[in-house]
Amino acid sequence: MSSAKTFTKHISFDDLAPSLIDDQATIIKNDSHHVGLNNHFLHIPPQFNPVYKNTLTGSHGSNDLATDESLDSPEDEEASSPLQLGTPTSTTSGVPHFYTQVFSPAAHDPSKSYLRSPSVERSRSESPMFRSRRRTSVRLPPPPKVSVLKKSRKAADEQGPIDDIDIGDLDFELERKMTKMTERNTQKNSGSRKGYTQAAFANLNEVEDRIETKSMVDLSESENMESSKKRSKSFAGMTDEELAKLEEFYISKGRSNKTKIDQFDFGEQVPVYLNTTESKTDSSNVTDPLAAIYPSRPTIVHNAISMTIDHPDYENYISNTKEKLNCKDKDDDVDLRVVSCYISGRRYTWSSVDWYVENLTRNGDHLVIITTIPEFEAKIDTLAYKEKRRHRLERMTSNTSESMTTASHSLIGPDLSSPLSTGIRIEAIHNEAKQTCSDILNYYARRLATKIVRISIEMVKENSTRSAIISATSLYRPSLQVISTVSANIQIKFRNGKVKLPFFLMKHFAMPAFVVPFEFIKPELLIKPRVDKDEQDNSDDLKTEVRKKERLQWLSALIRRTLENPFTKHKVVDSDDEESDSDESVTSVNEYFPISPEKKEEMEFFDKMGYVRPKPSRQVLLDDNTLMKYDSSGRKLTPIESRNSRRSSKRSSRIQFNNNGIYKVKSMVDDIYNHETASTPHIKTALKWDNEDPKMKFTSHPMRKTKSAGLSPRTSSTSSSSGQRKAHHHHHHHNHVSRTKTTESTKSGNSKKDSSSSSTNDHQFKRSEKKKKSKFGSIFKKVFG
């Protein structure tokens, strides 16, 4: 374990609002606003800005400018010092604040134009024309103390020293040195990074090259003229021998069914090259294949803030590890493993980074924290438009005197709906975003102080979370990703057609994904770990690690508490009489005080699963009064409010049940019985109903039961018992019908069963007729009575 060291800044990019300065300059130009000397967005050179305070001399820029110009002209020595109307007034914070601001009414007042006139520093004893001509020679700002430029004594086009080599007396070492020097110069002139090629010298346009090209062109033209002067010989002037040779030549070139290999002239064939020739019209063909080829469009197309900090030993650890592993520079990957985690303003999303810090981190990792920020420029513009419209409506509805008072107040204070105020809002959000990224980096740097890792945060300006994660993933190419969820049931689809983010990442990204439920991490230990009383004063919450022993004790206590049956509180009785008496007393008490459906559901769950369902960690967190809980609007939450709130999730993501409590009819239940057990209605199959309640015979799922609200407990219990007897009798009747159908299908029925089945059919027909007759009357009673 390496000692904790301070992380160092690596590389940071800020592209969250790149067009802020240009937009503000365009607004000032189009609206003809006054450009003050201390404009917040435009940089005025210090030689023209009297607000600029020179750090070297400790005086203002206007005094320095007047002093330098007084040395050039003897006229200025007799002149009085310029009128200091533009001296800055220091505020309570010590920051110079020039009173000719953009929002000040004096900036737009024509009667006070002298405040922004460039002649405030001009002396009365000299000509304004001469002074303005002298001002064209500007003075540069003071140079830095340490120059970043390398000093070189030779000129830019001056050649370096050349070693003289006597080629008359060459030995092996000298020849080898000359060969290396020639190759190095050729590679430098070719423009290639690795190796060299002569293709870069094909487009030279020197004098000797032009002369040589012209001579080659003249030679080719003369050859073409000579060949054109030669005319082909006619057949009339040929001899018989020439005609015979010409005939043989045509026969060898033509197509014939009777070709002879001895008559084929191989010397007249077009040469065939086996290597592939590149097309000259191919646009991808470059002069130097080893030269650097840059993409025609940018790789990073999203606006974001990217900050990175490294452990001081990170680079050395990576290089040493790669040397041990014999890694080849195929992909030019600097990091050994890149892990990405997504966080947002929702608290449960931070469980992904917390789980990585506690369980997955190792030396050489590159942790990339991805977060998003919406398109705040458009939202600020919409907000400014609404404020401007509201002020306009208030001005129209108010009286004349009130409108004059409002107009006078608007001149004194800045207009929040103006474009300049909008730019200040955008810059404030930008600065707050940078500060938030810095705080997140410092927080996890303190938690990972003992690990040699690199931490990066990428805040993408995007309204869509999916697009932001896609852009950041294509940029960093992580080896694995950790995502958190509030529910373990991630394969669900919402009413608006969207799916959960973990399911989207697991389905569409070709990389390992760790899905961390928020309830599996105890929030109390992550917020503030337990420490001893002696160490409480000298310990820090961020540096204190959660002890493994405390975690195991908490899990053991949870398992022990959930395995105890809280519903068996009566004592075990030895004799049968006492047991029967206790059962009768329990049943009598249950008749007067029936068990609630929630309690009965808990008892059935314990009989089925064998343990008590534990509370979710969110509920435990809300039940703890020592912690402060707030909602999105900043209001403090209580356990009752959090359970009744619309945004709170009432489902338990830890346990999934198959018990849905649906209604089932007889047609859905008949398949459970087999023909062997149909004759014994009270005996259940050993495969299905060994451990179930005898009252529930049709399905393994509990039936929904309705109870009249107007009855007393004793009446309701009596009616329920009579209902059970009727249901029991009806159950015997249906079993008898099923046995009748079975005997009819096997053709082994008797007359007694046939008579019972016929009577049953008649009884069912009468009931259906009676139901049809009473249907209209029941509807009439429901509507009118």
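From the backbone N, Cα and C atoms, a Cβ is placed for every residue, glycine too.
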Region 'Disordered' per Swiss-Prot - which of 171-190, 531-550, 571-590: 571-590
Record feature phosphoserine (Swiss-Prot), assigned residue among Ser19, Ser215, Ser220, Ser778: Ser215
Annotation match for phosphoserine in Swiss-Prot, from Ser340, Ser487, Ser556, Ser667: Ser667
